[in-house]
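Taken from TrEMBL, the feature transmembrane segment covers A:12-32, A:67-92, A:98-117, A:137-158, A:206-223.
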């Protein structure tokens, strides 16, 4: 039972060739940019979604922060597509691997911090001290704010990993339960199946929301520092 | 082997069975040749099924079905133990 649960999170390798590269690149084939004014249905749908998310996300930023729009848009579509594709049966979700999420979170967070420190040193250092704190508390508060700053990339990566992994694991467990219960008590099996259906709708939501949250937080750090 | 048309231009259904190995060996196995083949295949699928004005959802579900089959083949080794057998 122990081995069966976690084998779906194994990185797929055939004869030593990491096929995980192919799986990470697969969502690219689903996005088809075209050079016509009026496209086919799929491209028009994608274009409309892209415009919607871009407007929502980049409204709060200054002109300097808006140079990041391509990066943030690519981020949100990458995470959302990978999470959604991972919901197909037997698929491998690359966002369950902490290595990949750390690789996404740390450079982006570091970029926002360094950008803030380079262009607006005083303002970004001033973020360490909230307004109106009583004077004796200042040293402790600065230590706390520094720790919270350094925890940001870890929190970003671990949040995404944990959410997606937990959802997948729960679905595996409930599926196993429903299957074994079917031969014993039919009624509890139907209840479990209904729970699984609800969970799948939740997973669809979580897949999209996690992408959104990740990107939103990165854009928040950007806003603070630009 | 008597062929009037040069063999490289023939499609699969026109090649005779005896000529099959030499037809396969005539493919371009260099990296740029392989990338060109994949690009051609991708655009052929796109143009046939997706670049219609009223494409339907079955065009995408075909792709997802193939992806599911591919992942099943990848994880076959672990799935072997999960079949409902009396004795494993």
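Cβ atoms are placed via backbone N, Cα and C, with glycine included.
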Ranked first among A:67-92, A:137-158, A:206-223 for CB pairs under 8 angstroms with the transmembrane segment (A:98-117): A:137-158
Same-chain residue ranges lying at least 6 outside the transmembrane segment (A:67-92) that approach it to Cβ under 8 Å: 8-9, 11-12, 20, 23-24, 26-27, 30-31, 50, 53-54, 57-58, 61, 104, 108, 160, 164, 168, 200, 203-204, 206-208, 210-212, 214-215, 218-219, 222
Tertiary contacts of the transmembrane segment (A:137-158) (same chain, 6+ residues out, Cβ under 8 Å): 98, 101-102, 104-106, 108-110, 113, 127-130, 214, 217-218, 221
